[in-house]
């Protein structure tokens, strides 16, 4: 077996009111964000008792991965580490070292390229290995999976379920809107270039086709920072207003940029955008994210199997496909899969 462990690597989130501000300070360290701005964002978490859904979802996902491994008759210890909150990646890698793990696959809970979606996870891996010191396991970050058949299937199915929740008299006229986390235009230009935005656009087309939609919109959400800095647009709030002005009576929002119910989903969409839509007379349904779906667990293990040499990469073919990085080793920059495979098996 190529790997003797799997590390689920994620963003992290607070699990109590007293953890919210320290968590936000971790997230924004070195960026000079005013404390009053952090206090404003903290209110979003405090609305939910100071608990982000993300850690609980990831623990449930790990349970599904372990169950799937059991169904396959495989034994592979699964570890959990975060960038910004307990359990930290440094502690997870140190635990793997202490347990005698020599090489682990790393499944990041982000399907995309770009800095915060990919490169920063490589930095997390390097930081975790440095903390573990001598004897740290080799860590192989698995590839981008924005075009994996199971991801496309889960989102397409969730759109159909969301559509059925709309009132029958407006269901057939509902506008499908895909949304992902906005980033500064300059940041998108630097990576790829435009790797993140191209991948989101391509995945949007794949999911829309799988769900049976020929017309749809793709927008961005949750921007922050000074207004003078351009971010990817259009913003979902502006777009919902524009839809209302065009007479749209119902909207299905698919948060394709999120593999789980981050606070940006349960607050920005389920609270703020839903309230805005209601004020504008628009019925809104939100498609669910993969969260801890068993198919998401299978997706993670599919990526592991690709590096074991058991199968070719699973990808949905479409028009004008977006590129995706392969695998990276020990926090290095992503490279094409064949070169990475040679590096870890040679």
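Note that Cβ sites are derived from N, Cα and C of the backbone, with glycine treated the same way.
Because the structure is a prediction, the values reported are computed rather than measured.
Per Swiss-Prot, these features apply:
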- 52, 121: Fe-coproporphyrin III binding site (BINDING)
- 181, 264: Fe(2+) binding site (BINDING)
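Structure with Swiss-Prot features highlighted.
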{"residue": "52", "record": "Fe-coproporphyrin III binding site", "CB count, 10 Å": "24"}
{"residue": "121", "record": "Fe-coproporphyrin III binding site", "CB count, 10 Å": "24"}
{"residue": "181", "record": "Fe(2+) binding site", "CB count, 10 Å": "24"}
{"residue": "264", "record": "Fe(2+) binding site", "CB count, 10 Å": "17"}
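Taking the C-alpha positions, the distance from residue 181 (Fe(2+) binding site) to residue 121 (Fe-coproporphyrin III binding site) comes to 17 Å. Secondary structure at residue 181 (Fe(2+) binding site), taken from DSSP and collapsed to helix, strand or coil, is strand. Each residue contributes its Cα atom, and for residue 264 (Fe(2+) binding site) and residue 52 (Fe-coproporphyrin III binding site) those atoms are 10 Å apart.
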